[in-house]
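**Student:** So TrEMBL says this about it:
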| type | residues | note |
| --- | --- | --- |
| BINDING | B:ASP34, B:THR49, B:ASP79 | Mg(2+) 4 binding site |
| BINDING | B:ASP34, B:ASP79, B:ASP223 | Mg(2+) 3 binding site |
| BINDING | B:THR50, B:ASP51, B:ASP127 | Mg(2+) 1 binding site |
| BINDING | B:ASP51, B:ASP79 | Mg(2+) 2 binding site |
| BINDING | B:HIS58, B:ASP275, B:TYR331 | substrate binding site |
| BINDING | B:GLY126, B:ASP127, B:ARG153, B:SER225 | ATP binding site |
| BINDING | B:ASP226 | Mg(2+) 5 binding site |
| DOMAIN | B:33-145 | domain 'PurM-like N-terminal' |
| DOMAIN | B:157-313 | domain 'PurM-like C-terminal' |
Number of protein chains: 2
Amino acid sequence: MAGGARADSGEDRFIARFFRPVAGAPEALGLQDDAALLTPPDGTDLVLTTDALVAGVHFFPDDAPASVARKALRVNLSDLAAKGAHPLGALLTLAVPKDIPEAWMEAFADALGADATAYGCPLLGGDTVSTPGPVTLSITAFGAVPKGAFVPRTGARPGQAILVSGTIGDAALGLLLRQAPEREAFARLSDDKRAHLLDRYLHPQPRLALAPALRAHAAAAMDVSDGLVGDLAKMLAASGCGGRIEAHRVPLSAAAATAVGHDAALRVTALTGGDDYEILACVPHTAVHGFVLAAARAGVPVALIGETRTEAGLDVLDASGRPLDLGVGSYSHF
Amino acid sequence: MAGGARADSGEDRFIARFFRPVAGAPEALGLQDDAALLTPPDGTDLVLTTDALVAGVHFFPDDAPASVARKALRVNLSDLAAKGAHPLGALLTLAVPKDIPEAWMEAFADALGADATAYGCPLLGGDTVSTPGPVTLSITAFGAVPKGAFVPRTGARPGQAILVSGTIGDAALGLLLRQAPEREAFARLSDDKRAHLLDRYLHPQPRLALAPALRAHAAAAMDVSDGLVGDLAKMLAASGCGGRIEAHRVPLSAAAATAVGHDAALRVTALTGGDDYEILACVPHTAVHGFVLAAARAGVPVALIGETRTEAGLDVLDASGRPLDLGVGSYSHF
């Protein structure tokens, strides 16, 4: 080629090697264009969400790259699920050190591709750049809801039931277990129970199966990413009402219940810790039966944990009806 | 509030203070939800693009925060323009040190809001996190094209005209001027010409006005972000053809032409440097007249710089028809 112009820069080879194999959807245009092209299904609104993850802040620098990729995609899918949406696709931006090992990139891209396929959320494009800092990535995910069916965070009204999916606190306990494995309550857990908590921290399970039930029955919903109590307080405040939950109704896994049984202080961790990626929903009482049935048909357990009210604020009550002192309610970056 | 649950974390106050005032579009849902809600116009396809910027890589750590915000949004708008799209909205992810000055945040958010308004691209949401590393941000922009009217990078065919908008090389010369202000060719420039080059590096001018002309007439287009020669080589390779451009036809601003007049080596910088954010288009010869007229009506100058051909590769010829030796053709991160 005359003139020395190169059509294949190192960056292009990097993208071709690691990401083109996992971005096979036609909308991705082979990752060869400036942009991706998406035709939303007729009769739908588009739901857009984005989350950023920084090594040392949102994950451990030595976490397996496959786990980092899964978490990055799944936390966004969890947001789509909470809004009643199904995924259409995602874009990735990835900032990595120049000397990132090829094996890291390969494992990251493979896991992202596998999850994109498993969740029906094709990787449509992105941007890969170098950074002198920690690995930093963000995923923007696009979903669709039937027109007008978006489930807002602001739709709660006084006198509605408060429900939550799955079990709460596993991820926060998993994180604490990683930070303090010698803690008595953890040391007494079986290997299986320890593994369960660690896995829940690393690998969120987005509740996409719950989306149709939320659309049909919920007045408000959000996913629990920064802790059940703090996130519920946010949803109630955004809706202009308050509420009350009973701590003993909040569902715990066998592993979390055992840990809390050994060390009652861990209940606060479970209620206020982050990374659950379960769904909180406010549901009119007349719709609760339908919601629970629809959730069960979708294979997602949901539990009634409290009720909304007119008076602002959130009370968290113990089994005897007394307010629990929880300290700080949710994780915040600033 | 009993139970200690807080509805307003530091992160929420951070978002409320800096970003809510500049995210007033109804689709942004007051930045109070997990997601944004967008209803694409009927009869359109959606165009998605994302770009990441890292302090110390894509901008100088001491660049004004307003300039960083503008560049972050505008490089994405430039991608939309190249695809023939008009903007619908954008999401921001921002990773900043915990001790980022409030004045930095305020100036960043204000400039982003002003640009979002000026370009009709409302900020719909995002994610703000802390990082132990450099300021890192990414913007994902959404645009719309009439169904089927997306202008691909892969549509060039042999025997088409190659055109480029505006002037080329100003930004790369502006960057070099910042890095080596003592260089003779720069020292001899007037203050106005130096200011022009520095401004073009800091503040891309996305060619959104050219989008309708591209949709109507161009077979292929892309924006010039990594250098004219390298990016054109990419577009031709992606289209399965080659081409030839004449270096003396590549339009230079008065400032760039003066600098190149003082120091001929700077022509290579202009042709291969990055950050132009002008539009390269391949246009069938029968459509060139219409394209040039439509561009002129839109207020965007375009220049014919060469022609595509069957044979692969890209030749860059000097005024006497000899190939120029350009060395490396475009910036790459890896």
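In case you wondered, yes, glycine gets a Cβ from its N, Cα and C as well.
Can you walk me through where each of these features ends up in the structure?
**Tutor:** Using a 10 Å Cβ-Cβ cutoff, B:ASP79 (Mg(2+) 4 binding site) registers 25 neighbours. For the recorded site, B:ASP79 (Mg(2+) 4 binding site), the DSSP three-state label reads helix.
Taking all protein chains in view, 25 other C-beta atoms sit within 10 angstroms of the C-beta of B:ASP34 (Mg(2+) 4 binding site).
All protein chains included, B:ASP51 (Mg(2+) 1 binding site) registers 24 other Cβ atoms within 10 Å of its own Cβ.
Cβ environment of B:HIS58 (substrate binding site): B:ALA52, B:LYS71 lie under 8 Å away, each six or more residues apart in the same chain.
Listed in sequence order, B:LEU92, B:THR93, B:LEU94 are the same-chain residues at least 6 apart in sequence whose CB falls under 8 Å from the CB of B:ASP127 (Mg(2+) 1 binding site). DSSP gives B:ASP127 (Mg(2+) 1 binding site) a strand state.
When secondary structure is read from DSSP and collapsed to three states, B:ASP226 (Mg(2+) 5 binding site) falls in the coil class.
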**Student:** Calculate the per-residue pLDDT averaged over the domain 'PurM-like C-terminal' (B:157-313) and state the result as an integer.
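**Tutor:** 97, rounded to a whole number.
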**Student:** In the domain 'PurM-like N-terminal' (B:33-145), how many residues does DSSP assign to helix, to strand and to coil?
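**Tutor:** DSSP composition of the domain 'PurM-like N-terminal' (B:33-145): 35 helix, 45 strand, 33 coil.
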**Student:** Among the binding-site residues B:THR50, B:ASP127, B:ASP275, say which ones reach under 8 Å of chain A by Cβ distance, listed as they appear in sequence.
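**Tutor:** Sorted by position along the sequence, the hits are B:THR50, B:ASP127.
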**Student:** Starting from the Cβ of B:ASP226 (Mg(2+) 5 binding site), draw a 10 Å sphere and report how many other Cβ atoms land inside it.
**Tutor:** 23
**Student:** If you measure B:ASP223 (Mg(2+) 3 binding site) to B:ASP275 (substrate binding site) at Cα, how many Å is it?
**Tutor:** 10
**Student:** Cα within 10 Å of B:GLY126 (ATP binding site) is the criterion; apply it to the binding-site residues B:ASP34, B:THR50, B:ASP51, B:ASP79, B:ASP226, B:ASP275 and give the hits in sequence order.
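**Tutor:** Hits: B:ASP34.
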